[in-house]
Amino acid sequence: MQPSLLDRISSVTGNRSKRHAKFRLGRLQQPPTESTTRLAISDGAQAIDETKSPRQSEPGATQCKSEGSGDDIADGPQPMPAPNEGDTPTLDELQQGPNPRGSGIVSGWKLAAVLTALSLAVFCMALDSTVLSTAIPKITAEFNSLHDMGWYVSAYNLTISSFSLIYGKLYSLYRVKWVYLSTLFLFEAGSLVCGAAPSSLALIIGRAIAGVGGAGVFLGSMIIVHEIMPLHHVPLFLSLISGLYGIASVVGPLLGGVFTDYVSWRWCFYINLPIGGVTALIIVLFVRPRARDQATVKKTVWAQFLELDPLGMVLILPAVMCILLVLQWGGAKYAWSNWRIIVLLVMGGSLALTFTVVQLWQGDRATIPPRIVRNRTVWGAIVFAVCLYGSFTVFTYYLPIWFQAIKSASATRSGIMNLPMILGVVVCSMLSGWAVSRVGYYVPFMYMAPVVGSIGAGLLTTLHVSSGPAAWITYQLVLGVGTGAGMALPLVAVQTALAADDVSTGSAIITFTQTLAGALFNFVAQSVFQSRLVHNLNAALPGVDTARVADASPMEIRSAIEPEYLPQALDAYSVSITQVFYAGAALCALAVFGVLPMKWLSVKGSRIQPVAHA
């Protein structure tokens, strides 16, 4: 039996009489006067400003605020204030029960359905990043488009990176449910265009559309999880969804190969359509949209457009694309001294600098509000996410290359051999999310990630041609356990440290930096590998033409050199890859510097939403 509103007020106000509770209830139910925007709810001068969203902790949890730079958040556990000394719940909170955050708490089988739908949507979105790796040969043969091969992957990844910040603005200003459904529609439309593509150009356009939608699907899934359950349950389910992202990275090539060999490469995209349809139906039925901020509702269309920071959007999109194209083409398709690379580098740098100036000038209307970035928990989470995810990307790409080149593994088998790391990430990610939900604090587990992860990464640098399964399985597990412990926690930290209205923007910043870091350090690793491979081959085989080995794919190096030189070539190849692992290990260790400035905040708390009046 649900307690009455009167009983809830009585329980909040401690050992007070029901008579006093009735008085407080009457005060709560009085309509606001036109001369004030504050709702008086106690005897003294106490009031709750309707424009703020402070967090009120449960007993034993951290008491904090999320205004300004975030430096006013108290460190460590704080006792609950007496009823007359702290924040008092609003009428909406007392009517809704505990944790009335965002769109409303979902529980039971409805919660399970929503979480399953979100997980499947993120899985499909992540799958699209790697599913084409084994299907590209068939696609290029069908369209006779070998020169377009790079764009099949880049068109998707570029748009995901570029649009992440824009969706942060949209989710903060409009109802999360409807923005999410719009992005899901875009992702599905892009998948349909790709599946039915009659030409290479149509496939590239479809990939770009899917990327625009995919950026919003991933970010929106994280935000919906934050809105439909109490804050202390969020870490577990964010970790679950992040783990699925890792699984999709490995399963993608396997699934793409199965579709290509037994059905058609077009099913790499058609598979998204029924899953997206089911996800949309569940979101429509079970997720209650968050009420829009009344100040935003009352603004004109033009004023709302200005709130989206259109100037910032115009600058950030080409800036990111220029920088990523420089990293993709530089030293590979074109020399670093080529005029195309120089022009892109100058344009990207100039646009990025101009974007920074615009963000400082725009203030709270900026795509990346300076006050949010100044919050030390937020910028610590950014540093942590960049280093940890960059390290994870390096090992995700180059461990399979080591297996293919050194152990003669096929693409499919190399993915299977990479499973110890992925399983370690997924399992430990879920365990750390569960532990944070139980303990309340995420900082200890964020320290665990770079410490354990860098040990595993360091061990992987010792791999050599004769290393057996015992070595590479154990080392991968250690790396996976460390990486998994912190994979989802930057989002948890940001969502805990910020006020409810800033969560979508903070989450977008973390998602953007993670995606950009993955692309950035993948290209950096590629540059390191190519330069070290040429150097090591020339040092191991002086006087021998090693250009064919340097240009060969990992599975072709045995046929690219004479048998008598193969042992030295394999050793040089292995050393070149482990030298890339040094960069990954260093990145993983540097993630600890992102944890140091973070405040010890507890997830065992709830936000008090402002009372909205029509």
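Every residue gets a Cβ built from N, Cα and C, even glycine.
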**Report entry** From the candidates ASN157, ASN375, the one which Swiss-Prot records as N-linked glycosylation site
**Finding:** ASN375
Report task. For the transmembrane segment (105-125), find every same-chain residue at least 6 residues outside the stretch whose CB is under 8 Å from a CB in it, and list them. Result -> 96-97, 99, 184, 187, 214, 217-218, 221, 224-225, 228-230, 237, 240-241, 244-245, 247-248, 271-272, 275-276, 278-279, 282-283, 286-288
Requested in this report: Taking the transmembrane segment (439-459) as the first stretch and the transmembrane segment (236-256) as the second, find out whether 3 or more Cβ pairs fall under 8 Å, excluding pairs closer than 6 in sequence.
Outcome: no
Query - Cβ contacts under 8 Å made by the transmembrane segment (151-173) with residues that lie 6+ beyond its boundaries - result: 128-129, 132-133, 136, 139, 179-180, 183, 203-205, 207-212, 214-216, 218-220, 223, 292-293, 296, 304, 307-309, 312-313, 316-317, 320-321, 324-325, 328, 367-368, 501-502, 504-509, 511-512, 515-516, 519
Report task. Return the stretch with the most CB pairs under 8 A relative to the transmembrane segment (311-331), choosing among 209-229, 236-256, 267-287, 472-492, 509-529. Result -> 509-529
